């Protein structure tokens, strides 16, 4: 097991990364739990891992109840959030009841937002069961639900008490979901660590085969990078925006196609290539750099091109992006592979040129 600590102005918390951790969840997490816990999970994860977690909590003397939600990005909304609140109130959850998110990014985001708002703030912990959530969404305190006009538009910054990432849960992950998570792994190398990017180029087959040693190394490096960035910029006033590489274009894809049609990681993959193409247009990187990024994404089973839709739709969706400031769109671009930047775009013609092959 590897452990690292996330330090933020609000508080610090541990991330536990390894294999076979879920049966130890009671003992590992007990210092970070109240006397009672609410497990929030979904219909897919519950049959696989809920029983193991319940047994672990019983052994640690933590009482608990469970709330099982429908699965999928299409359910990341007010209606499903209210199911969490209904379950908490029906079970007389108190402010010190710890919410436990057992699932992927959707469960983690919604559980965190429920925790941030239930009785004005209850503690929560993350037990991410997908690669995407283990390397990205479970760490850093971003919580949200979607709105029909934009992804993650309603939410809060609210840090968990702990994160427990059991890599064994990835063995039940569908291949498409594994690839989607790998998009976020590749994103980290692309935005801030060229040596990690090169390591991914060398080890992608082993990672996709879930070989234990390279997998734990990759997950640890991603969490380490995110922890370092979040420590500097908890509420995304500056450098943390780099973690949104590919997300401005990616969220536009998800919104246009309907939440869940393209998985988040698939949209981010295509979005990263578009961000690279935009950086090409600005003279920052070469076409060869963009091709190299696209090749790595494709090696992970990911799309390197977006779906085709009208330029006006792209602009409409991207105008709702959370990085927009003073009406000016801001994109995360690249100075080079391994180094991101924040780019303000006032001339939409450059966006049209970037997107032209896909209009």
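Using N, Cα and C of the backbone, Cβ positions are placed for all residues, glycine too.
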From 184, 316, 339, 344, the one annotated by Swiss-Prot with 247, 264 for Zn(2+):
184
Cβ-Cβ neighbours of residue 105 (NAD(+) binding site) (radius 10 Å):
25
All-chain count of other Cβ atoms within 10 Å of residue 169 (NAD(+) binding site):
25
How big is the Cα-to-Cα gap, in Å, between residue 71 (NAD(+) binding site) and residue 184 (Zn(2+) binding site)?
21
What is the number of other Cβ atoms found within 10 Å of the Cβ of residue 130 (NAD(+) binding site)?
28
